[in-house]
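Peer 1: Below: one structure in structure tokens.
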Amino acid sequence: MPELHFTKGHGTGNDFVLFSDPDGEIDLTPSQIAAIADRHFGVGGDGVIRAVRSKNLPAGAAALAEDDSAEWFMDYHNSDGSPSEMCGNGIRVYARYLIENGLVELSPGDTLTLGTRGGVRDLQRNASGFQVDLGRWQLDGGEPLVRAKNLQVARPGLGISIGNPHVVVALSSEEELDSADLTYIPHLEPAPEDGANVEFVVPGDPLVRDGVGHIRMRVHERGSGETLSCGTGAAAAALATRYWAGPDAPNQWRVEVPGGTLGVRMWAAEDGEHVSLSGPADLVFEGDLTV
Ligand SMILES: N[C@@H](CCC[C@H](N)C(=O)O)C(=O)O
């Protein structure tokens, strides 16, 4: 029975239980992870993050990190125990955790490279906390029809991959966004093979202020249910809104989520267009638990 010293952290209310396993000795089962994330019987969180050195990952998992430039790997699992390729809020909180525990140093202007199942990701400190380059994004997954409880009509969504899968749905009003009941899993037709995080968005009024696009978003996360925020989801929502808005839409966005505000920026890199995410990362408390 492993004894874990854990830290609880969050990014705009998307909350995580983090623990260190630098040598890769702790192999939790999905049900052990779900028990830690349980809000009634465990610590509680939308996800669980194991800090492990990339060199100590099993060979197959190490290959997922694409290259060996990242000393640390973010072993991310949703609250139901399922793994995910990437977590945009989680990786900022993970960076703060590594820094506060003296496991890495990151001076302003420097870059920290972390491994994830979706590949390596670069982070820097910025005014809001951290900025992470989420890498190249792509339209992926078509336009499934989305139904959610309390939404009167089915809507076409837009499939977008940010390393992990998203379907973004545009709603017509703030009232509609507020009334959607996301305690139930949205129904997607056709259903994506690997599931999807589903983001519901309404445009700001006006959509663009001072060259920055504004949207509001709620999300139902694959493997975790409705959460107060989803970083990769915010990036997908901004990308989908820009796609729908046409060629004059900006490359800089503010995304209001129930837990706060996230910044999203699209920019041209040598290998194609990248999308970056900015936002806070907070550590809240520490404790010990027996799994
Ligand atoms: N909350 C995260 C995304 C976490 C993973 C997601 N539920 C999935 O299964 O892909 C974020 O901030 O990006």
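Here the Cβ of each residue, glycine as well, is placed from N, Cα and C on the backbone.
Unlike curated records, TrEMBL annotations are generated automatically.
Remember, predicted model here, so these are calculated numbers, not experimental data.
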Peer 1: Can you find which of Asn56, Asn197 TrEMBL lists as binding substrate at the same site as Asn14, Asn78, Gly88, Asn89, Asn164, Glu221, Arg222, Gly231, Thr232?
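Peer 2: Record source TrEMBL; matching candidate: Asn197.
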Peer 1: Inside 8 A of the center formed by the CB atoms of Asn14, Asn78, Gly88, Asn89, Asn164, Asn197, Glu221, Arg222, Gly231, Thr232, which other residues of the chain have their CB, for the recorded substrate site?
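Peer 2: My list of surrounding residues reads Gly47, Ser84, Met86, Cys87, Gly90, Val219, Ser224, Thr227, Cys230, Gly233.
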Peer 1: Validating a neighbour-count step here. Other CB atoms within 10 A of the CB of Asn164 (substrate binding site): how many?
Peer 2: 26
Peer 1: For a quick check of understanding: given the listed substrate-binding residues Asn14, Asn78, Gly88, Asn89, Asn164, Asn197, Glu221, Arg222, Gly231, Thr232, what is the maximum Cα-Cα distance in angstrom, as an integer?
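Peer 2: Comparing all Cα pairs, the maximum is 16 Å.
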Peer 1: Quick check for you: of the recorded positions Cys87, Gly88, Asn164, Glu221, which have their Cα within 10 Å of the Cα of Cys230 (active site, proton acceptor)?
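Peer 2: The recorded positions close to Cys230 (active site, proton acceptor) (Cα within 10 Å), listed in sequence order, are Cys87, Gly88, Glu221.
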